[in-house]
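Visitor: After the C-alpha coordinates below, expect a handful of questions from me.
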Amino acid sequence: MDSSSNNSEMAPDMDGEVYEHFALIRAGILGLVFVLATAGNLFFLGTLWKKRKRNSRTQLFLLHLCLADLVVAFFQVLPQFSIEITHRFRGTDFLCRLVKYLQVVGMFASAYMIVAMTLDRYHAVCKPMVSFLNGSFRRYLSIGAGWLLSLAFSAPQFFIFSLQEVGENQYDCWATFIEPWGSRVYISWITLSVFAIPAVILLYCQIRICTTIYFNMKRKALQAGRADTKGVSNAMLKTVKMTFVIIMTYTVCWSPFFVAQLWSAWSPSSAPSQGPVFAIIMLLASLNSCTNPWIYIYYS
(Lines of atoms letter the chains of each structure in order from A and count residues from 1; the text may use other names and numbers.)
(Lines give C-alpha, C1' and ligand atoms only; values in the text may rest on other atoms or scores of the structure.)
Protein backbone atom coordinates (compact mmCIF):
# COMPACT_ATOMS: atom_id res chain seq x y z
CA MET A 1 0.00 0.00 0.00
CA ASP A 2 2.95 2.32 0.49
CA SER A 3 3.52 4.77 -2.32
CA SER A 4 6.84 3.24 -3.25
CA SER A 5 8.67 -0.04 -3.06
CA ASN A 6 11.81 1.75 -2.06
CA ASN A 7 12.76 2.20 1.59
CA SER A 8 15.89 4.23 0.96
CA GLU A 9 14.09 7.40 2.10
CA MET A 10 14.99 6.27 5.60
CA ALA A 11 18.64 6.90 4.88
CA PRO A 12 18.67 10.70 5.48
CA ASP A 13 17.55 10.14 9.07
CA MET A 14 20.14 7.47 9.83
CA ASP A 15 23.88 6.99 9.52
CA GLY A 16 24.73 4.93 6.42
CA GLU A 17 26.27 2.04 8.33
CA VAL A 18 23.43 2.00 10.87
CA TYR A 19 20.90 2.08 8.02
CA GLU A 20 22.52 -0.90 6.30
CA HIS A 21 22.59 -2.84 9.57
CA PHE A 22 18.95 -2.01 10.25
CA ALA A 23 18.00 -3.02 6.70
CA LEU A 24 19.65 -6.41 7.23
CA ILE A 25 17.71 -6.90 10.47
CA ARG A 26 14.47 -6.05 8.68
CA ALA A 27 15.36 -8.41 5.86
CA GLY A 28 16.05 -11.20 8.37
CA ILE A 29 12.73 -10.66 10.13
CA LEU A 30 10.83 -10.49 6.82
CA GLY A 31 12.54 -13.69 5.69
CA LEU A 32 11.50 -15.39 8.92
CA VAL A 33 7.94 -14.10 8.56
CA PHE A 34 7.80 -15.41 4.99
CA VAL A 35 9.03 -18.86 6.03
CA LEU A 36 6.62 -19.06 8.98
CA ALA A 37 3.66 -17.80 6.94
CA THR A 38 4.35 -20.14 4.03
CA ALA A 39 5.07 -23.20 6.19
CA GLY A 40 2.10 -22.57 8.49
CA ASN A 41 -0.41 -22.01 5.72
CA LEU A 42 0.85 -24.91 3.58
CA PHE A 43 0.70 -27.18 6.63
CA PHE A 44 -2.83 -25.96 7.26
CA LEU A 45 -3.79 -26.65 3.64
CA GLY A 46 -2.41 -30.17 3.99
CA THR A 47 -4.44 -30.69 7.16
CA LEU A 48 -7.62 -29.54 5.43
CA TRP A 49 -6.90 -31.81 2.45
CA LYS A 50 -6.58 -34.85 4.73
CA LYS A 51 -9.90 -33.96 6.37
CA ARG A 52 -11.62 -32.91 3.13
CA LYS A 53 -14.39 -35.54 3.42
CA ARG A 54 -15.52 -34.15 6.75
CA ASN A 55 -14.67 -30.47 6.45
CA SER A 56 -16.95 -28.17 8.41
CA ARG A 57 -18.44 -24.92 7.17
CA THR A 58 -15.89 -22.94 9.18
CA GLN A 59 -13.01 -24.87 7.62
CA LEU A 60 -14.19 -23.76 4.18
CA PHE A 61 -13.73 -20.12 5.20
CA LEU A 62 -10.40 -20.92 6.85
CA LEU A 63 -9.25 -22.56 3.61
CA HIS A 64 -9.83 -19.35 1.67
CA LEU A 65 -8.37 -17.24 4.48
CA CYS A 66 -5.28 -19.44 4.24
CA LEU A 67 -5.08 -18.86 0.46
CA ALA A 68 -5.38 -15.10 1.02
CA ASP A 69 -2.56 -15.23 3.58
CA LEU A 70 -0.38 -17.09 1.07
CA VAL A 71 -1.02 -14.29 -1.44
CA VAL A 72 0.15 -11.82 1.24
CA ALA A 73 3.24 -13.94 1.98
CA PHE A 74 4.33 -14.33 -1.67
CA PHE A 75 3.39 -10.93 -3.04
CA GLN A 76 3.80 -8.62 -0.05
CA VAL A 77 6.32 -10.11 2.35
CA LEU A 78 8.60 -11.76 -0.23
CA PRO A 79 8.94 -8.70 -2.53
CA GLN A 80 9.63 -6.50 0.49
CA PHE A 81 12.28 -8.98 1.64
CA SER A 82 13.89 -8.75 -1.80
CA ILE A 83 13.81 -4.94 -1.75
CA GLU A 84 15.46 -4.81 1.69
CA ILE A 85 18.41 -6.70 0.17
CA THR A 86 18.65 -5.01 -3.25
CA HIS A 87 17.24 -1.57 -2.20
CA ARG A 88 15.44 -1.40 -5.56
CA PHE A 89 12.64 -3.21 -7.32
CA ARG A 90 14.18 -5.64 -9.81
CA GLY A 91 11.74 -6.38 -12.60
CA THR A 92 9.79 -5.11 -15.58
CA ASP A 93 7.06 -2.49 -15.59
CA PHE A 94 4.37 -5.18 -15.90
CA LEU A 95 5.84 -7.14 -12.98
CA CYS A 96 5.89 -3.95 -10.90
CA ARG A 97 2.18 -3.36 -11.56
CA LEU A 98 1.28 -7.03 -11.03
CA VAL A 99 3.10 -7.30 -7.70
CA LYS A 100 1.50 -4.09 -6.42
CA TYR A 101 -1.90 -5.35 -7.57
CA LEU A 102 -1.53 -8.72 -5.84
CA GLN A 103 -0.23 -7.04 -2.67
CA VAL A 104 -3.54 -5.27 -2.24
CA VAL A 105 -5.56 -8.31 -3.39
CA GLY A 106 -4.08 -10.23 -0.46
CA MET A 107 -4.95 -7.44 1.99
CA PHE A 108 -8.53 -7.21 0.71
CA ALA A 109 -9.02 -10.99 0.61
CA SER A 110 -7.70 -11.53 4.16
CA ALA A 111 -10.08 -8.91 5.54
CA TYR A 112 -13.07 -10.05 3.49
CA MET A 113 -12.63 -13.75 4.33
CA ILE A 114 -12.66 -12.84 8.02
CA VAL A 115 -15.82 -10.79 7.41
CA ALA A 116 -17.44 -13.67 5.48
CA MET A 117 -16.58 -16.17 8.23
CA THR A 118 -17.93 -13.85 10.94
CA LEU A 119 -21.15 -13.24 9.00
CA ASP A 120 -21.57 -17.00 8.69
CA ARG A 121 -21.13 -17.36 12.48
CA TYR A 122 -23.60 -14.51 12.97
CA HIS A 123 -26.25 -16.30 10.91
CA ALA A 124 -25.54 -19.65 12.58
CA VAL A 125 -25.95 -18.19 16.09
CA CYS A 126 -28.45 -15.37 15.62
CA LYS A 127 -30.54 -16.70 12.72
CA PRO A 128 -30.14 -20.50 12.83
CA MET A 129 -33.22 -21.32 10.70
CA VAL A 130 -32.17 -18.97 7.90
CA SER A 131 -28.63 -20.35 8.13
CA PHE A 132 -29.91 -23.94 7.93
CA LEU A 133 -32.08 -23.32 4.86
CA ASN A 134 -29.63 -21.18 2.85
CA GLY A 135 -26.32 -21.98 4.54
CA SER A 136 -24.41 -23.69 1.73
CA PHE A 137 -25.47 -21.21 -0.96
CA ARG A 138 -24.70 -18.23 1.29
CA ARG A 139 -21.25 -19.56 2.18
CA TYR A 140 -20.14 -19.97 -1.42
CA LEU A 141 -21.75 -16.67 -2.38
CA SER A 142 -19.94 -14.76 0.37
CA ILE A 143 -16.58 -16.39 -0.41
CA GLY A 144 -16.97 -15.72 -4.14
CA ALA A 145 -18.04 -12.13 -3.46
CA GLY A 146 -15.03 -11.64 -1.19
CA TRP A 147 -12.60 -12.71 -3.91
CA LEU A 148 -14.37 -10.77 -6.68
CA LEU A 149 -14.46 -7.58 -4.61
CA SER A 150 -10.78 -8.04 -3.73
CA LEU A 151 -9.83 -8.41 -7.39
CA ALA A 152 -12.00 -5.46 -8.48
CA PHE A 153 -11.05 -3.03 -5.69
CA SER A 154 -7.34 -3.70 -6.28
CA ALA A 155 -7.53 -2.74 -9.99
CA PRO A 156 -6.39 0.90 -9.46
CA GLN A 157 -2.95 -0.46 -8.50
CA PHE A 158 -2.29 -1.22 -12.18
CA PHE A 159 -2.65 2.48 -13.01
CA ILE A 160 -1.14 4.05 -9.90
CA PHE A 161 2.15 2.12 -9.86
CA SER A 162 4.74 1.87 -12.62
CA LEU A 163 8.46 1.37 -13.11
CA GLN A 164 9.98 4.85 -12.96
CA GLU A 165 13.47 6.26 -13.33
CA VAL A 166 14.56 7.55 -9.90
CA GLY A 167 18.20 8.20 -10.77
CA GLU A 168 20.68 7.82 -13.57
CA ASN A 169 20.02 4.32 -14.96
CA GLN A 170 18.17 3.48 -11.75
CA TYR A 171 14.55 2.38 -11.76
CA ASP A 172 12.05 1.60 -9.02
CA CYS A 173 8.38 0.67 -8.63
CA TRP A 174 6.76 3.93 -7.62
CA ALA A 175 3.26 5.38 -7.41
CA THR A 176 2.11 8.50 -9.24
CA PHE A 177 -0.70 10.57 -7.70
CA ILE A 178 -2.55 13.72 -8.66
CA GLU A 179 -1.20 16.23 -6.16
CA PRO A 180 -2.02 17.31 -3.56
CA TRP A 181 -5.12 15.18 -2.92
CA GLY A 182 -4.38 11.98 -4.87
CA SER A 183 -2.41 10.13 -2.20
CA ARG A 184 -4.90 11.18 0.49
CA VAL A 185 -7.84 9.80 -1.47
CA TYR A 186 -5.95 6.60 -2.26
CA ILE A 187 -4.86 5.88 1.33
CA SER A 188 -8.24 6.87 2.77
CA TRP A 189 -10.03 4.59 0.30
CA ILE A 190 -7.78 1.63 1.11
CA THR A 191 -8.16 2.21 4.85
CA LEU A 192 -11.95 2.42 4.63
CA SER A 193 -12.43 -0.56 2.34
CA VAL A 194 -9.80 -2.88 3.84
CA PHE A 195 -9.96 -1.96 7.51
CA ALA A 196 -12.56 0.53 8.77
CA ILE A 197 -15.75 -0.79 7.12
CA PRO A 198 -14.87 -4.47 7.78
CA ALA A 199 -14.05 -3.54 11.40
CA VAL A 200 -17.52 -2.01 11.88
CA ILE A 201 -19.18 -5.12 10.41
CA LEU A 202 -17.05 -7.42 12.56
CA LEU A 203 -17.76 -5.43 15.72
CA TYR A 204 -21.51 -5.47 15.09
CA CYS A 205 -21.56 -9.23 14.38
CA GLN A 206 -19.45 -10.10 17.41
CA ILE A 207 -21.65 -8.00 19.72
CA ARG A 208 -24.78 -9.68 18.35
CA ILE A 209 -23.21 -13.14 18.61
CA CYS A 210 -22.10 -12.61 22.21
CA THR A 211 -25.43 -11.15 23.35
CA THR A 212 -27.38 -13.95 21.62
CA ILE A 213 -25.24 -16.65 23.24
CA TYR A 214 -25.57 -14.98 26.64
CA PHE A 215 -29.36 -14.71 26.50
CA ASN A 216 -29.71 -18.24 25.10
CA MET A 217 -27.62 -19.66 27.93
CA LYS A 218 -29.59 -17.63 30.49
CA ARG A 219 -32.93 -18.75 29.04
CA LYS A 220 -31.90 -22.40 28.94
CA ALA A 221 -30.61 -22.20 32.49
CA LEU A 222 -33.91 -20.75 33.71
CA GLN A 223 -35.89 -23.40 31.85
CA ALA A 224 -33.82 -26.26 33.24
CA GLY A 225 -33.41 -24.74 36.66
CA ARG A 226 -29.67 -25.25 36.49
CA ALA A 227 -27.04 -22.56 36.08
CA ASP A 228 -24.68 -24.79 34.10
CA THR A 229 -26.99 -25.58 31.19
CA LYS A 230 -25.70 -24.31 27.87
CA GLY A 231 -27.88 -22.95 25.10
CA VAL A 232 -25.30 -23.55 22.39
CA SER A 233 -22.94 -26.41 21.66
CA ASN A 234 -19.33 -26.53 22.78
CA ALA A 235 -18.27 -26.77 19.13
CA MET A 236 -20.10 -23.54 18.27
CA LEU A 237 -18.63 -21.76 21.29
CA LYS A 238 -15.16 -22.88 20.28
CA THR A 239 -15.70 -21.63 16.72
CA VAL A 240 -16.96 -18.27 17.98
CA LYS A 241 -13.91 -17.94 20.25
CA MET A 242 -11.58 -18.81 17.37
CA THR A 243 -13.25 -16.25 15.09
CA PHE A 244 -12.96 -13.61 17.81
CA VAL A 245 -9.22 -14.30 18.27
CA ILE A 246 -8.64 -14.10 14.49
CA ILE A 247 -10.46 -10.75 14.40
CA MET A 248 -8.48 -9.38 17.35
CA THR A 249 -5.18 -10.54 15.87
CA TYR A 250 -6.00 -8.89 12.53
CA THR A 251 -6.95 -5.66 14.32
CA VAL A 252 -3.82 -5.57 16.49
CA CYS A 253 -1.51 -6.29 13.53
CA TRP A 254 -3.05 -3.91 10.99
CA SER A 255 -4.46 -0.95 12.94
CA PRO A 256 -1.02 0.69 13.62
CA PHE A 257 -0.20 0.35 9.90
CA PHE A 258 -3.36 2.11 8.73
CA VAL A 259 -3.08 4.81 11.41
CA ALA A 260 0.51 5.51 10.34
CA GLN A 261 -0.47 5.61 6.64
CA LEU A 262 -3.35 8.03 7.28
CA TRP A 263 -1.16 10.21 9.49
CA SER A 264 1.59 10.43 6.88
CA ALA A 265 -0.96 11.22 4.12
CA TRP A 266 -3.03 13.86 5.91
CA SER A 267 -0.39 15.45 8.13
CA PRO A 268 3.03 14.68 6.65
CA SER A 269 4.73 17.51 8.54
CA SER A 270 3.83 16.06 11.95
CA ALA A 271 3.98 12.36 11.02
CA PRO A 272 6.98 10.30 12.15
CA SER A 273 9.67 9.86 9.52
CA GLN A 274 10.14 6.60 7.64
CA GLY A 275 12.46 5.30 10.35
CA PRO A 276 12.64 2.36 12.75
CA VAL A 277 9.17 2.92 14.25
CA PHE A 278 7.53 2.87 10.84
CA ALA A 279 9.52 -0.22 9.87
CA ILE A 280 8.36 -2.03 13.03
CA ILE A 281 4.75 -1.12 12.20
CA MET A 282 5.20 -2.61 8.72
CA LEU A 283 6.69 -5.79 10.19
CA LEU A 284 3.82 -6.10 12.67
CA ALA A 285 1.32 -5.96 9.81
CA SER A 286 3.22 -8.71 7.99
CA LEU A 287 3.00 -10.98 11.05
CA ASN A 288 -0.74 -11.39 10.54
CA SER A 289 -0.13 -13.76 7.62
CA CYS A 290 1.58 -16.15 10.07
CA THR A 291 -1.05 -16.28 12.77
CA ASN A 292 -4.31 -17.65 11.38
CA PRO A 293 -3.31 -21.31 10.79
CA TRP A 294 -1.81 -21.57 14.27
CA ILE A 295 -4.93 -20.05 15.85
CA TYR A 296 -7.02 -22.70 14.09
CA ILE A 297 -4.66 -25.49 15.16
CA TYR A 298 -4.81 -24.26 18.76
CA TYR A 299 -8.60 -24.30 18.82
CA SER A 300 -8.71 -27.69 17.13
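Every residue, even glycine, has its Cβ placed from backbone N, Cα and C.
Note that TrEMBL annotation is computational and uncurated.
Note that the structure is predicted; figures quoted are calculated from it, not measured.
Sharing the record's features from TrEMBL:
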DOMAIN    40-296  domain 'G-protein coupled receptors family 1 profile'
TRANSMEM  23-48  transmembrane segment
TRANSMEM  60-78  transmembrane segment
TRANSMEM  98-119  transmembrane segment
TRANSMEM  140-161  transmembrane segment
TRANSMEM  186-210  transmembrane segment
TRANSMEM  244-266  transmembrane segment
TRANSMEM  278-299  transmembrane segment
Visitor: Within this structure, do the transmembrane segment (244-266) and the transmembrane segment (140-161) have 3 or more Cβ pairs under 8 angstroms, counting pairs 6 or more apart in sequence?
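Guide: Result for the transmembrane segment (140-161) with the transmembrane segment (244-266) is no.
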Visitor: Do any residues of this chain, six or more beyond the ends of the transmembrane segment (186-210), have a C-beta under 8 angstroms from a C-beta of it, and if so which?
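Guide: Distant Cβ neighbours of the transmembrane segment (186-210) are 1, 104, 107-108, 111-112, 114-115, 118-119, 121-122, 125-126, 153, 156, 160, 175, 177, 240, 243-244, 247, 251, 254-255, 258, 261-262, 265.
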Visitor: What mean pLDDT does the predicted model reach across the domain 'G-protein coupled receptors family 1 profile' (40-296)?
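Guide: That stretch averages a pLDDT of 83.
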